[in-house]
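Undergrad: Pasting a structure here, questions to come.
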Amino acid sequence: MAKYAAAIDQGTTSTRCMIFDHSGNVICYDQKEHEQIYPRPGWVEHSPDEIWERTQSVIRGALSKGGLSASDIVAVGITNQRETTVVWNRKTGRPVYNAIVWQDTRTDQICNELAADGGQDRFRPKVGLPLATYFSGPKIRWILDNVPGAREAAEAGDVVFGNIDTFLTWWLTGGPNGGVHVTDVTNASRTMLMNLETLDWDDEILGIMGIPRQMLPKIVPSSMVYGTATGELAGVPVAGILGDQQAAMVGQTCFDVGEAKNTYGTGSFMLLNTGTKLVPSKSGLLTTVCYKFGDQPAVYALEGSIAITGALVQWLRDNLGLITSSAEVEALANLVEDNGGIYFVPAFSGLFAPYWRSDARGVIVGLTRYVNKDHLARAVLEATAYQTREVLDAMEQDSGVKLTALKVDGGMVYNNTLMQFQADILGVPVIRPKVAETTSLGAAYAAGLAVGFWSNTDEMRANWGVDHTWTPQMDEATRERLYRGWKKAVTRTFDWVE
């Protein structure tokens, strides 16, 4: 009797397969990193073939570590780095180009040309997103314009588009031999091509962007049986798809209007459940789909996306060599009482929410001879907390709801120094759940819900529990003084790229 739900979590830097029991506990998992390809400044790519190879490898690894086989798994769900764009040949499965990653800024010129008529918010009323290099539509357009033969093949129906969820679902369900070509509403809502009200591709925007409709996947709910897996998971229903941040919302059981979570990964992403109501943002946030379970109405969210948070710690490690492991940043930061007067604004890929400035680049301000590497480490951690505060302020403005606490997840939530500073700078408690692997858990929940392994959201909510709460310990005057300094530092990043 199958008694576990599996999740494939394909992230920006690594791929994991996690297997959960009915109580939401991790039974076993396997994880493998993949190569980050930087062909030019501002360009970021992944090899789709390597990602599929890693996916098969971690499925094998997780089953082996748990002493399990496909017959023990009720269903598998997929969660993924969103926006990252793959175009491949449907007959062979071969990509026509590397995956263009969400952080990649090569489509800046395409976005500027599209914004010349109607501005950055030209499509926002329909899609909830500003024109930005972050989203998939302009990336597809770049591939069609720059890869010889790609446009003709797309028009002929020979090459197809998908975000990573679509690419993996297609391969999992057979690839060239009958693979299912679908994407869920959460991933589709990040392409800039899906109408948020109809939950279908928008023909007017497709025409303006020059993207043939026949290359796009079918849009489906986040929880339903899409097909049956082949290979390592042969016979297991593929039954859940959620973009990584939406999956974390489901894993955190943020099913009520007004519930919010922040995930700290390569970047950071805060989402606020707005229910079945679309809330347009006037403060630089995104309106996005939170989830859609089966035939139930879609639930929407406001999202604040921050491009660089955890990646800044990696940069300290890999580019500067100031630390040898990410965990060391906390020890360094704790050697000093404050940031020594410096702020580090990591606009490596421009600034995302709430600014949407692709012309911004990273700055360190306030340097004096007094500053040492410990202060730099502290400023790196603080940058994550300040950026989160900016997003929270925007959310409260847009929604009219005052957040009373923030649920957190992701790798950085084990950094106590950061989490305490986060509570201090927000002025609200920060809560880490018992199962911090909420992204994978959310995908497992979506898949398990589709096959009746979990009967409703109440069953999932019963699994959620508090591991640790950080309460604010900073006085209001200090909080606002520090935050003013940050806001000033941010202005120094603008107008850098011509």
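Just so you know, glycine gets a Cβ as well, placed from its N, Cα and C.
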Undergrad: Please pick, from THR263, THR266, THR368, THR469, the residue that Swiss-Prot records in the ADP site together with THR12, ARG16, GLY310, GLY411, ASN415.
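TA: Same ADP site in Swiss-Prot: THR266.
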Undergrad: Check Swiss-Prot: it lists ARG82, GLU83, ASP244, GLN245 as binding glycerol. Then name which of TYR38, TYR134, TYR291 it lists for that same site.
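TA: Record source Swiss-Prot; matching candidate: TYR134.
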Undergrad: Round to the nearest Å and give the CA-to-CA distance linking GLN314 (ATP binding site) with GLU83 (sn-glycerol 3-phosphate binding site).
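TA: Answer for this pair: 22 Å between alpha carbons.
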Undergrad: Cβ neighbours within 10 Å, counted over all protein chains: which one of the binding-site residues THR12, SER14 has the most?
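TA: Selected residue: THR12.
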Undergrad: Looking at the binding-site residues GLY310, GLY411, which one has the fewest other Cβ atoms within 10 Å of its own Cβ?
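TA: Among the binding-site residues GLY310, GLY411, the sparsest Cβ neighbourhood within 10 Å belongs to GLY411.
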Undergrad: Using other CB atoms within 10 angstroms as the count, which residue among the binding-site residues ARG16, ARG82 scores least?
TA: ARG16
Undergrad: So among the binding-site residues THR13, GLN245, THR266, GLN314, ASN415, who's got the most Cβ atoms within 10 Å?
TA: GLN245
Undergrad: Three states by DSSP: which one describes ASP244 (sn-glycerol 3-phosphate binding site)?
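TA: In the DSSP reduction, ASP244 (sn-glycerol 3-phosphate binding site) maps to helix.
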Undergrad: In Å, how long is the longest CA to CA span across ARG82, GLU83, TYR134, ASP244, GLN245, which the record gives as the glycerol binders?
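TA: Pairwise Cα check on ARG82, GLU83, TYR134, ASP244, GLN245 gives a maximum of 15 Å.
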Undergrad: Run through GLN245, THR266, GLY310, GLY411 for me and report the binding-site residues whose CA is within 10 Å of the CA of THR12 (sn-glycerol 3-phosphate binding site), in sequence order.
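TA: Among GLN245, THR266, GLY310, GLY411, the ones whose Cα sits within 10 Å of that of THR12 (sn-glycerol 3-phosphate binding site) are THR266.
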